[in-house]
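Structure first, commentary second.
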Amino acid sequence: GGGGKKRSRGEEDRGCSLTYVKTKKQWRVPRKNDRGAIQAKAIQPGDSGIWATCNKGREGKCVAELRDLFTEYAEEMYGTVVAGTPDDHDDADEPADIESEIQAEVAGIRKPTTAQLFTPVRVDVQCVVFFRTVAPVEPVSFVQRICQDAVDKKLRRRTKTVKRLSPMSLMGRASAEGLESVAKQVLAPHFHKQPFESRKFAIRPTLRNHSILSRDSIIKQVASIVGPGHVVDLKNYDLLIVVEVYQNICGVSVVNNDFEKLKRFNIAEIVDPTPADAVKQVQQALSKPAENPQDQPAGTADVQGLTASDDTRAPEMDTS
């Protein structure tokens, strides 16, 4: 019931913004980057981006908070200046005439702005939002920096609804062939470089609204792409391979062993930790099925352990 209502409201909003642009400024074609008023329609193969989880029913607020947070960090990390976006003009100081507005618009097009670096994409899952990113944003180092600042109590902007961030270096079709292509590209710099360096690794898949690929098949396929000479180690990995599958799209990224120290990129957990006794209960519940398989080679034996530790939803409790 609630989901249907929310979706129809979203469609209404989209309709409003289109009409608003058309009637008020007929000369301007609405762009999807107009501060997310018109969202990108779907995640495409070749995209990179950042998933985020949030409290139920707070997806809109989460998008707004993340846009502000990402904008501040992009300015600091990449020196990207934010030109005023068209929405800002609409709400505040309107230029006196159309000509000056066109000039402002052209200036904004010439200069890459942080509004263009991050585009929210509508996804049909409660408690989940997605931002498409473009260069120079590198999702993994970008998210890691935000979470490190949160740990160091230097976070530039407090967020209330954002839970966990999951950076995706590259997205592709959610098929065996699509996963193969994406994983080869993303894993190569970490596992296939010369001179060869043996790494301990783990694989953490998350599947949403998807029924073709299974956790088991993803883990086997990704482990085979990692290739010989590397060792599965679920507790003391050097590198964690994160695989996120949503509907017909899959994404892959590789994060280092700061991931656990940074609370699995869960900003809410860094800023306001769950009391220790509650964490202990969750860890005990998670560790039971995962006790034995950590020394097994990549393959079916490690599936249970990888799966048991992969889902960080339990500490978040974001749907209760």
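Heads up, the Cβ atoms here are built off N, Cα and C, so glycines get one too.
For the ranges 1-40, 281-320, the feature annotated in TrEMBL as region 'Disordered' maps to 281-320.
Secondary structure of the domain 'THUMP' (149-256) per DSSP, as helix, strand and coil residue counts: 31 helix, 38 strand, 39 coil.
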